[in-house]
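Asks: Annotation source Swiss-Prot lists 5-phospho-alpha-D-ribose 1-diphosphate binding site at Arg78, Arg103, Asp130, Pro131, Met132, Leu133, Ala134, Thr135, Gly136, Gly137, Ser138, Asp199, citing sequence analysis. Per Swiss-Prot, uracil binding site is recorded for Ile193, Gly198, Asp199, Ala200, and the stated evidence type is sequence analysis.
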Amino acid sequence: MKVVEVKHPLVRHKIGLMREGDISTKRFRELAAEVGSLLTYEATADFETEAVTIEGWNGPVEVEQIKGKKVTVVPILRAGLGMMDGVLEHIPSARISVVGMYRDEETLEPVPYFEKLASDMPSRIALVVDPMLATGGSMISTIDLLKERGCTSIKALVLVAAPEGVAALEKAHPDIELYTASIDDCLNDQGYILPGLGDAGDKIFGTK
């Protein structure tokens, strides 16, 4: 599995701001979208382009446009919605496919409750967004679903990842790509990433 921990100074700075314990919902939400945008920039760096001729201001001009598979953004509800706008900033024409998944606080296992995917998944590149890759369960289950629907090009974008989650994801889906702003130290006994960001969903939405 290709794992990219984005080291750009802007990414490191913004993730640092998100770790503040008393950060406001507004600020956390803004930063989640901003870092999601920067991760999208990295994740799409290998997209192929083709030369096309358009009518410019002074006559025909040759430009480059992205070719190949179209994109679908797959936010994992609910926290993944906080990164979605950052992706759409760069790819506004992307289809939005939604997967509802929550983590059982006792077993730490993912529990699916909703899905609405693009009808042409086999012909699309899926950018799966979720702020936290902790145990990896929700991401693994979501990618399982995407593959069942025929999607073969999948990239996962997360703000913060635990080494345990990275290892679990690589074992389950070695053929995907993972982009993250930070690989943190470890998980605690409750399955939270340390130092982490806290509960990203609660902070993005302002509700528990």
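Residue numbering: from 1, along the chain as shown.
Each Cβ is built from the backbone N, Cα and C atoms, and glycine gets one as well.
Note that the coordinates shown come from a computational prediction; the quantities given were computed from them, not determined experimentally.
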Asks: Tell me, in order along the sequence, which binding-site residues from Arg78, Asp130, Met132, Ala134, Gly136 have their CA within 10 Å of Ile193 (uracil binding site).
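Replies: So the list is Met132, Ala134.
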Asks: Return the maximum Cα to Cα distance in Å (whole number) over the record's 5-phospho-alpha-D-ribose 1-diphosphate-binding residues: Arg78, Arg103, Asp130, Pro131, Met132, Leu133, Ala134, Thr135, Gly136, Gly137, Ser138, Asp199.
Replies: 17
Asks: Near Asp130 (5-phospho-alpha-D-ribose 1-diphosphate binding site), which residues of its own chain have a C-beta under 8 A away, given they sit six or more steps off in sequence?
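Replies: Within the chain, Asp130 (5-phospho-alpha-D-ribose 1-diphosphate binding site) has Cβ neighbours under 8 Å at Pro75, Ile76, Ala79, Gly80, Met83, Ser138, Met139, Thr142, Ala156, Leu157, Val158.
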Asks: Can you tell which of Gly136, Gly198 has the most other C-beta atoms within 10 Å, given these are the binding-site residues?
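Replies: Sorting the candidates by Cβ neighbours within 10 Å, the top entry is Gly136.
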Asks: What are the sequence-distant neighbours of Ala200 (uracil binding site), meaning same chain, six or more residues apart, C-beta distance under 8 angstroms?
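Replies: In sequence order, Phe28, Ala32, Ala79, Gly82, Pro131, Met132, Leu159 meet the Cβ cut-off.
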Asks: Spatially speaking, which of the binding-site residues Arg78, Ala134, Gly136 is closest to Gly198 (uracil binding site)? Use C-alpha to C-alpha, please.
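Replies: Nearest candidate: Ala134.
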Asks: Give the helix, strand or coil assignment DSSP yields for Met132 (5-phospho-alpha-D-ribose 1-diphosphate binding site).
Replies: strand
Asks: Taking the Cα atoms as reference points, how far is Arg78 (5-phospho-alpha-D-ribose 1-diphosphate binding site) from Asp199 (uracil binding site) in Å?
Replies: 11
Asks: Let's check the environment of Ala134 (5-phospho-alpha-D-ribose 1-diphosphate binding site): how many other CB atoms sit within 10 Å of its CB?
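Replies: I get 25 for this one.
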Asks: Which has the fewest other CB atoms in a 10 Å radius around its CB: Arg78, Asp199, the listed binding-site residues?
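Replies: Counting other Cβ atoms within 10 Å of each of the binding-site residues Arg78, Asp199 gives the minimum at Asp199.
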Asks: In angstrom units, rounded to an integer, how far apart are the Cα atoms of Ala134 (5-phospho-alpha-D-ribose 1-diphosphate binding site) and Asp199 (uracil binding site)?
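Replies: Here the two Cα atoms are 11 Å apart.
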Asks: Setting Ile193, Gly198, Asp199, Ala200 aside, what same-chain residues sit with their Cβ within 8 Å of the center of the Cβ atoms that define the uracil site, listed in sequence order?
Replies: Pro131, Met132, Val160, Tyr192, Gly196, Leu197, Gly201, Asp202, Lys203
Asks: How many Å lie between the Cα of Gly136 (5-phospho-alpha-D-ribose 1-diphosphate binding site) and the Cα of Asp199 (uracil binding site)?
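Replies: That separation, Cα to Cα, works out to 15 Å.
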